[in-house]
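**Q** Structure provided below as structure tokens; questions to follow.
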Amino acid sequence: MSVTDERGGSESVGAGPGFTAGEVTVHRLPAELSKVTRTLRRTGRKVVLVPTMGALHEGHLELIRAARRVPNSVTVVSIFVNPLQFGPGEDFDSYPRTFEEDLRACEREGAELVFAPTRRDLYGDEPRTTIDAGEPGRELEGASRPGHFSGVLTVVAKLFNIVGPDLALFGEKDYQQLVLLRRMVRELDFPTEVQGIPIVREHDGLALSSRNRYLDERERAAALTLSAALAAGTHAGSRGADAVLAAAREVLDSEPMVELDYLWLCDPELGPAPEEGEARLLVAAKVGGTRLLDNALVELGPASRVEPAR
Ligand code: PAF
């Protein structure tokens with residue numbers, strides 16, 4: 001593992017410096033990382049970016065594995081706890097920071113490059129130019145966390161400009177984030193494909209999240225209500241949207257420790273739910289002091305049509 005830095009050259013924290021397959025090289029400075037990925041692209045390699053805020057768990061590792069499966073590619077994992085996407089009173093200061101463990105995980109999974117800028121490296125003085133996700137960024141998560149999606153879109157736009165990825169992978173757990181990022185790429189003409197990777201769950205259904213480590217034993221048990229509610233909702237899909245919401249709501253109401261923020265059924269682009277076909281059921285709730293998100297695909301309407309007998 002090696003850490004390179006334009007200020008101090010290359011500081012080796014393991015094997016020698018430089019780019020070697022099977023070994024991760026950490027860049028802290030945007031200009032340096034840009035230079036490396038530019039060179040790699042010129043040699044015909046595809047650059048695949050996995051943006052993270054660190055505290056890597058199995059869900060992130062699945063993203064890295066998916067990146068590694070892209071033929072003739074190089075995997076860049078960014079690790080940056082982005083202050084812009086945390087509101088006042090949120091958990092920016094206490095957000096888990098496990099940099100050394102994260103680097104070992106990246107190395108184990110075969111990611112070649114890690115981009116880990118400091119706040120100053122990335123933003124310099126406080127940024128004044130930000131990206132506004134528009135009305136869809138002020139709904140659902142955006143309603144409870146004003147400015148959150150502007151922070152997310154701004155940092156991801158910067159990462160795209162610095163890394164120049166052909167492909168960027170994001171977990172479907174943050175479903176609204178994924179939809180808004182796809183929209184940003186489309187509407188602002190980024191030459192990057194954004195791909196969502198299915199949610200990774202614990203054996204009992206809990207969606208993996210870096211914030212799960214805030215949960216004590218009782219809260220963790222209560223948190224299972226979210227995935228159970230989604231399962232109940234999904235199961236009711238053939239009976240239509242109202243039945244889906246009622247089934248999910250009943251499960252959520254059964255657990256007093258769950259403080260529901262929203263339960264929302266929509267089409268895959270966050271528009272109104274269709275009468276029939278593919279929809280998304282989204283839930284956000286606080287359990288103890290921890291805000292958790294989950295979502296699931298729901299098939300609305302008759303699961304299979306019976307052709308009339310002739
Ligand atoms: O999903 C996350 O971890 C963050 O929102 C992201 C996309 C890395 C931006 O900071």
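Any Cβ shown, glycine's included, is placed from N, Cα and C.
Not my notes, these are from TrEMBL:
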type	residues	note
REGION	1-21	region 'Disordered'
BINDING	53-60, 171-174, V200, 208-211	ATP binding site
ACT_SITE	H60	active site, proton donor
BINDING	Q85, Q177	(R)-pantoate binding site
REGION	125-144	region 'Disordered'
**Q** Near the Cβ of the residue listed as 'active site, proton donor', how many other Cβ atoms are there if near means within 10 Å?
**A** 27
**Q** Once the chains shown are all counted, how many other Cβ atoms turn up within 10 Å of the Cβ of Q85 ((R)-pantoate binding site)?
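**A** Its Cβ shell of radius 10 Å holds 21 other Cβ atoms.
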**Q** Closest of the recorded positions to Q85 ((R)-pantoate binding site), Cα to Cα, picking from G59, H60, E172, V200, S210?
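**A** Closest recorded candidate to Q85 ((R)-pantoate binding site) by Cα: S210.
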**Q** Filter the candidate list M53, L56, G59 of binding-site residues, keeping only entries whose CB is under 6 Å from an atom of ligand 1.
**A** M53
**Q** How big is the Cα-to-Cα gap, in Å, between M53 (ATP binding site) and Q177 ((R)-pantoate binding site)?
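**A** With the alpha carbons as reference points, the distance is 14 Å.
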**Q** How long is the line from the C-alpha of V200 (ATP binding site) to the C-alpha of Q177 ((R)-pantoate binding site), rounded to the nearest angstrom?
**A** 17
**Q** Near the Cβ of Q177 ((R)-pantoate binding site), how many other Cβ atoms are there if near means within 10 Å?
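**A** For Q177 ((R)-pantoate binding site), the count of other Cβ atoms within 10 Å is 23.
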**Q** Give me the count of other Cβ atoms within 10 A of the Cβ belonging to S210 (ATP binding site).
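**A** Looking across every protein chain shown, the total is 18.
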**Q** Enter the number of other CB atoms within 10 angstroms of the CB of L56 (ATP binding site).
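**A** Other Cβ atoms found within 10 Å: 25.
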